[in-house]
Structure formats: structure tokens, C-alpha cells
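What follows is one structure encoded as C-alpha cells, with my remarks underneath.
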Amino acid sequence: MFAPSYDAVLSYTSIGGVQCPRLCYKLVLVTVGLCFCIFCTSLDNTIVATAVPRITQQFHSLDDVGWYASAYLLTTCAVTLPFGRLYTFFPIKWVYLSALFVFELGSFICGITPSSLGLILGRAVAGLGGGGLFSGSLLIITQCVPLRRRPAFSGFIMSIFAVASVIAPLMGGAFTDHISWRWCFYINLPFGLVSAVVIFFTFQTTKPVVQASLREKAAGLDPLGTATFLPAIVCLLLATQWGGAQYPWGDGRIIALFTLFGVLLACFVGLQLWARERATLPPRLLRGRNIWGSALYGFCLNGAMFTFVYYLPIWFQAVQGTSATESGIRNLPLVISNVIFAIISGVLVSATGYFGPFMLLSAAMASIAAGLLSMLHPSSGAGEWIGYQVLLGSSIGMGFQLPVFVVQTTLASTDIPTATALMTFIQLLGGAIFVSVAQNVFRNQLAADIRAALPMLDPKAVINAGPTSLRAMYSGETLTTLVAMYNDAVVHTFYLAIGLAAASFLAATVIQWRPSPKSISHPDSS
């Protein structure tokens, strides 16, 4: 490892025990390395969607389809919050690189596996590593960037998450059609290698955020809380993934999963109240209205975002007859506006020190955009779906990263790792839960419409055929009717997004309108 001196050309600041230049090539390299890492971990959220038909054909594993996506999601959500404690008691650099190694190992297993079971296990392993990388990337920024500049850097990095989530199905389809579905996972290896090399050589940290003995660290990792939290989240996500899709909501398995979730969650809450400062989530963190308001805001806004990420491509493919690749291209207005406004939002928050007004504006714009998108119909022109997506992307880009900004500017440095992991977890959980809810809304509405207007068709067969097969299987008046039904079903998922965006607006009203005291009291970081 090398540590060149910047004294001759730059002034630098010490943040968290790390000597970091205000703006230099090493900071640029660290940011690029983090972007590579966030990009590949975010791809894994949705890239497998367009590869599933080819995978099931090769492995003859139609019954395993649900696990290809949920295995990664389950482990990612389950370990995100515990990673906050690891980042608190151990050097950020080594925890981050360890998580990256586990993620890369899982991706490698997915790429070389000869069986469906191997793919599921590989996805689960990748999720174990991925759960620590998003919050870890944001923590590295807090270590390297003066407070007033953090929102701009963090905003850019977090915009990569949204971009990757949107374009992942497009990349997955391209790899599957032109190379091999295995490249959906191999692509992570070079990205991860670049990120690991950059972080290893350019990011230097000396001490953990909290100094403690080995015994104190073991207690601070909250093994009892973790032992109840992990299975609780797994039960919740399995119930929302399976309910209404693989099993009826009244099925004994779904009821049992929700019951277990409730019992385990109650145990976790009790353990957190008992452990206090040694808890995975110290109760005092949730007493401030900025913290719980930001958590609710992120939960709802992310749920709305992922509803559109999943169902706008379905609208393009089923209603407007585009291919999977073309639908990805038509999502570019959402992607581009998201990136631009994430950067603009970060710069404005950095300049003013305020985040409350931007959270309100973001939620208001998202509510309007969701309402406009719910007005789409089979004859909607390009001007409508482009303009509505630009408004949606602008609103999401403006607000997506703000919950993290809140905790990083209002809490003590010792609480930032845990609070950052909390916000990351809440946002991931919101996306996971409401995509499942939207799936049930979509399937139930489409099935009801088919039974009412086309009783000669099997709703399950139509749904399982997928949007891209619609025009190959049906024609004439039947096709016209099915297209209208698909439009109606997708629009109903957008109604869900309207409610979520409105809820995020209510949550934003809780946030205090005052500049961060720390941002004002650090004139050297302006």
C-alpha cells in the first residue's frame, strides 16, 4: 500500500482518523471504485429477470424460478442491519473488502454452477456480501469527504443504484440472447476486482469508529438480536414473495410465516430494549423525528420507485408491443433524469445544509408523476411516457439519497454506521415488500379481467406466458382485449405507487426545516 503526500499540492482534512484531501485524484479513484461496486451489486437485484426463461430451459427447473431472485434478496436484506454493527466495531476498509469478496464468490458460483441448486446457493452467498456493500460505500464517503461535500458525492453514488436497477433487465436480456446467461454473473467479477484494487490502495483507515475490547465487540454485535432478526426478515420476505403467487394468502404456510415473523419481531424488539447501547439498533436512534421520519420516507419512496422499475417495462412490452431490449431503451428518460437530479440535489443540499424542503419537493413531484403515469393507455404517445418518466426520474433522483444524508449530518460519528445501515435496510425492504404487493395487485387484476371478459381463456396460462409472448399467442379482437387488460392491470400497480408517494410526502412533513448544525460549524469544509 502506498500513501503519497498531498501537502505540496493540496490541503487536506482529517475525518474519522483518516487523512483525506478535499479534492484530488485519490478521492476521484475512490468514488469510481465505489460506483463500480454499487453498480454490480445493484445489477443483481433485477438482472436475472430476463435470464430466467433460458436458465429454466437449461436446468429444467421451472419450480425454482422464484428462488433465483428471492435468494439474493433474502440474504441481502437480512444482513444489512447487522453489517452496521460490524462497521461500528471493526475497520471499515476490511469489513468492506470482506463483504466484496463474499459477493464476488457468490457471483463466481452462479456463473460456473452446473445445477439449479448451485445457482440458488450462489445467489444467497452473493446476497450475504451485497448486504454490506451499499451502506459500506456510503460510510467510506463519510470517511473521505468533508461534511458539506458529502451529499454531492453520496448523491452521485446512490444514483448508480437506481440506474443499475433500471438497466439490469436490459443487460440481462442482451447477455442471454447474444452470449450466455452466465455473463449476468460473470460481469460482476471485473467490476468487483477494479473496486477491490482501488479501495485497497487508495482508501486508508486507521481505527474503528468505536474503540472496544474483543469482549465488548462480541457483546456489541448483539448475537441474540441478530439470531432473532435474521429469521424474522426471512419469514417476512418469504411470506410476501409466496403469498398470492405460489400459495393463496390463506394457505397454512403463509399464515405460519407471518406468525413466525410477528413472534420473532417481538423478541427482537424486546432484546433491543434490554440491550440498549449494545443492541443491533439502539432504541435511542429512533427517538428523533428526523430519523424515524426519514426511515418511513425512504421505505415508501423506494417502494414506489421499484414498482415503476418492474412494471413500466411490462407496460411497454405488453401494451405497446416492444421487445425486452426496446423497453429498456424506452426507460432511458427515467434513468437519465434520475442521475441528473441526484447530482443536482446533492449539490443543493451541500450548498444550503437543508434536506427537509427537498424531501417534500421530491415526494410531491413523485406523487404527481405517479398520477400521470397511471393515466397511460394503449394509444399513449411518446410525448406522454417520456415526459412522465422524466418527472418521475427527477423526483426519485432528488429524494432517494436524502434519508442517508439526514443520519450522516444529524448523528454523532459513532452512530453513523448503524444509522446508515438502518436507512439502507429500510429502503431495500420497502422495495422488496412493495414489488411483491404490486405483483399480487397485477396478477389478481389481470386474472379478474380475463375471467370477466374472456372466460374461454385460462388466466394462469396468459399470465405465465409473459408480456412478450402476447402477440405471438393471440390475434384480432382477443389480442386487443388482452392488451387493454394488461394496461388496466399495470395501471392498478401504479395506483399503489401513488399511495406510496403520498405517504412519503406525509413522512417528509415530519422532517425539521433547519440546516445541519455540523454543516454550519465546519467552515473549513465549505
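Heads up, the Cβ atoms here are built off N, Cα and C, so glycines get one too.
Long-range neighbours of the transmembrane segment (64-84) within the same chain, counting only residues 6 or more positions beyond its ends whose Cβ lies under 8 Å from a Cβ of the stretch, are 44-45, 48-49, 52, 55-56, 95, 99, 116-117, 119-121, 123-128, 130-132, 134-136, 221-222, 226, 229-230, 233-234, 237-238, 241-242, 245-246, 280-281, 417-422, 424-425, 428-429, 432. The transmembrane segment annotation in Swiss-Prot covers 64-84 (among others) and is backed by sequence analysis.
Summarising the annotation, Swiss-Prot assigns transmembrane segment to 89-109 (among others).
Annotated transmembrane segment per Swiss-Prot: 125-145 (among others), in sequence order. Nonlocal intrachain contacts for the transmembrane segment (125-145), taken as residues 6+ away from its ends with a CB within less than 8 angstroms of a stretch CB, comprise 15-16, 18, 20, 27, 30-31, 34, 37-38, 41-42, 44, 71-80, 83-84, 86-87, 92-93, 95-96, 98-107, 109-110, 153-154, 157-158, 161, 185, 188, 199, 203, 205, 404, 408, 416-417, 420-421, 423-424, 428.
Positions annotated as transmembrane segment by Swiss-Prot: 155-175 (among others).
Residues 1-2, 26, 29-30, 32-34, 36-37, 39-41, 43-44, 47-48, 51, 93, 96-97, 100-101, 103-104, 107-108, 110-111, 122, 126, 140, 143-144, 171-172, 175-176 of the same chain lie 6 or more positions beyond the ends of the transmembrane segment (183-203) yet place their CB under 8 Å from a CB of it. Marked as transmembrane segment by Swiss-Prot on the basis of sequence analysis: 183-203 (among others).
Per Swiss-Prot, transmembrane segment is recorded for 218-238 (among others). Counting same-chain residues at least six beyond the ends of the transmembrane segment (218-238), those with a Cβ under 8 angstroms from any Cβ of the stretch are 70, 73-74, 77-79, 81-82, 85-86, 88-89, 210, 212, 257-258, 260-261, 264-265, 267-268, 271-272, 275, 278-281, 429, 432-433, 436.
Swiss-Prot lists 254-274 (among others) with the feature transmembrane segment.
Summarising the annotation, Swiss-Prot assigns transmembrane segment to 339-359 (among others).
The annotation transmembrane segment is assigned in Swiss-Prot to 360-380 (among others) on the grounds of sequence analysis.
Within its own chain, the transmembrane segment (386-406) has Cβ neighbours under 8 Å at 138, 150-151, 154-155, 158-159, 161-162, 290-291, 294-295, 297-298, 301-302, 304-305, 308, 312, 331, 333-342, 344-346, 349, 355, 358-359, 361-366, 368-370, 372-373, 376, 420, 423-424, 426-427, 501, 504, 511, counting only residues six or more beyond its boundaries. As annotated by Swiss-Prot, transmembrane segment applies to 386-406 (among others), with the evidence given as sequence analysis.
Residues 45, 73, 76-77, 80-85, 87-88, 134-135, 138-139, 142, 233, 236-237, 240-241, 243, 245, 280-282, 285, 291, 294-295, 298-307, 310-311, 400, 403-404, 406-408, 411, 493, 496-497, 500 of the same chain lie 6+ residues outside the transmembrane segment (418-438) yet bring a C-beta within less than 8 angstroms of a C-beta in it. The transmembrane segment annotation in Swiss-Prot covers 418-438 (among others).
What Swiss-Prot records for 491-511 (among others) is transmembrane segment, and it gives sequence analysis as the kind of evidence. A Cβ distance under 8 Å defines the sequence-distant neighbours of the transmembrane segment (491-511), meaning residues of its chain 6+ beyond its ends; these are 289-290, 292-294, 296-297, 300-301, 303-304, 307-308, 311, 355-356, 359-360, 362-364, 366-367, 369-371, 373-374, 376, 395, 399, 406, 434, 437-438, 441-442, 445.
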